[in-house]
Structures are given as structure tokens and as C-alpha cells.
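Below is one structure, written out as C-alpha cells; the observations come after it.
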């Protein structure tokens, strides 16, 4: 009888032995998979129960809450294949061994920066013979009964632009794991993200419309506060007027997200290296180019959104009527007013948002990622809120100028202006503060927008058959 024994060291306790299962025979082709004793490092799983739960979740095919011999063997076979792929991706020199520099480079490619000392610490935990390199056998023995591959897990749990929608779709698109792309889960994530964005934008639409009104109409002579702005909107058009412009704002989510995703996949091939996952600067370049392509494609909808938000009661019967009147009165060029400041705003927004998010992600991973790369709800929401706020703060003057240019014809008698002349005019008449009109309601909507989009995203994932966190 062959008995597989698992020794699980628990910090502060004597080494405990657990007999997992017994079998009278083991197929010859599977003998290479097993070791009679497997040691699971205490820093990976602090308790046997936590370790067992992860193994059972990964291998339980019939969902009976238990792992029989056949399921366990299938889990080991499948997991070893995944480990082989990860090992090959880490082995940059193709010499059959992984050293500290290769670990640092692989994590750097994912945007996770660690020191050489940290890389050596990782090596020592797996290195059995003291060579400070890891061969395939050492890698397999260490990770075989660890149900998570850390590199894809980081991509899986730390999605950003797919989850969070604050109304400005200028963020760098998320990466998807190989498994997500092969199984078609990527489009489910995008659909869930689109639905979450629609609900989030609808819930925060009153604040978004107030922001647009303050960007266009507020000045030193017309000091518009938040309460006064809401009162003015309700007095002019009733409570329903708070949602003016929301229809087109929601409608543009689907085409923009689809174009952006497809463009990003193409840009990755142009700017990327041979690595499966892009480096941070490559992601920024590919994401910014994809964002520019998507924005160029749907920009007329951006102009319509601004005009619809600024309209007075009875001015337009709907979106199509608004578009027809703009076309008849101002021509096709009117649908691209503010295009240049909008394009220029992509780099600071996407760059700072990505940089801040990656910095916060790396800090958390280095300090707290022991058992899993899953940061939990509150950490993810906090990182998303902070990075989005920083990105908006950096690009806000350009966004304000874009909105004023889009709104030119909606203000009767307003002269035709360029981006540079509008900047000069604002600085001359209102000072630097004038470039940040409407910032308060814009920031007020970030936390509810992020929270609502996250909750809706998680629920839509379950509905669409995507495993929740």
C-alpha cells in the first residue's frame, strides 16, 4: 500500500503529519509526479485548514466539498503542466535554472519591483542544494501542492480599468491571463465592466451634470456653488433634468470599450517585446494609443453628451434632434470641437493613474501578499479611488478647456476660440483657480462611482459565469 504523507510546518508548533489518502497502487506514468513527503512552507499557508481548502477548491470537480484520489491525481497532472509553463516563462536564459535576476526581471515585466535581497529570499525558500538557483525539480516540489500561480493571480485580482468607472474612460486597459483569453472569460469581464459603468454613471449623473455646468458657466462674476447649482437645475427643469446627458454618456460605453480593447491588443503587438505581459512603459504607450483610437472613433458622442447636459428645457427633443441641429448649424467640424485638448489629456490621465495604481499595488504585494495576491475589497477600492483621483487632478485643466470648446455654440454669441487662446483667457480673467472649476463635484462622485461600479461588476460576473473573488 502506498501512502502519501504531507508534512505541514506550522509556525510555533511541532511539525504535524497529515495522512491525505491511501492507495494500493499508483499508475507508472504518475510516479514522477509524487514525492512520498511534501513540505509546504509555513509562510505560504499558516494553517492546515487554509491549505486544504485551497487544494479542495482547485481540484473538486464534482463539487461535493471533498477530494477523492482520482480528483487529486487530475489536479496534480493539470497543476504540473501550469507550473512547467510558468517555469519556462521565468527561465529567461533557457538554461533550465532560475536565478535572482530572472525573478526580478519577470516581476518587473509585470510592474512589480523587488530588490535583489527580496529575490534571493524567494530563491532560498525553494533552493534545496544551496546553489542560489532553482531547477525544475525544486520548482515543482515547492509549488506542486500550492494551488495558485502567483503571476497570473496578480493579473486576475488587480484588474483596474475594467472594474472602476468614474466617467472618464481614459485609463490603460487591463491585462488578461492566458486562461481568461482562451476560455473566453475576457469578454465576460468587459460586459460586466460595461454594465457596471452604466449603473455607476447613471447613479452619479447629477454630479456629472453639475460639473459640466460649473466648467462652462461658473466664473468670478457667476460664482456657482454645489447647492446653488443643484437648486438652479431643479428650478429650471425639475428633478428629471439632473440626468440630462446621461443617456448618451451610457450609450458610448459599449463602442468605446470594444474599440479600445481591440486597439489595445493590436498596439501590444506593435510596441511589446516577446514577453507575454507588457512592461509598464509598454502598457502606457499601447494603452494611450488605444485610448486615442477609441476616443477618435466616438468623439462626436462626447460633444453630444456635453450639449445635451447643457441644454435648456425644450431645446432638443432628443439625441438625434441635437445631432441634426448641430450638423445643420455648425457642420461636421463641430463634432470634433475640443478634440486636441481631449487627446492631450490622455497621457497625463492614463500615465498618472497607471503609475499611482501600480505603485500602490506593488507596495501592498511586497508588504502584505503572503497567502494570496487577492487584496480584498477595501484595498482594491482604495487603490482605484486614489489613482483615479490623481489622474483626474493632473488632466483636469485640459478636460475643462475641452468642455468649454465643446459647448461654444450652446452659449449664444460665444466667439470661436482655440485651445491656447482659451487657456490664456481663463488665466487672465480667473487665474489658475479657473482651470479647476467644477472640481469639487467631480471628486465627490469618485468614491460612489468606484464603489457602485465594483459592486455591480462583481454581481454581473457571477451572472455571466465568471468566478467571483
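Any Cβ shown, glycine's included, is placed from N, Cα and C.
Small disclaimer: the values here were computed from a predicted structure and weren't measured.
Identical topological domain names are assigned in Swiss-Prot to residue 269 and residue 464, which places both on one side of the membrane. Listed ranges 225-244, 245-264, 265-284, 305-324; the one Swiss-Prot annotates as transmembrane segment is 245-264. As stated in Swiss-Prot, the feature transmembrane segment covers range 338-357 out of the listed 158-177, 338-357, 358-377. For the domain 'EF-hand 2' (78-113), DSSP puts the residue distribution at 23 helix, 2 strand, 11 coil.
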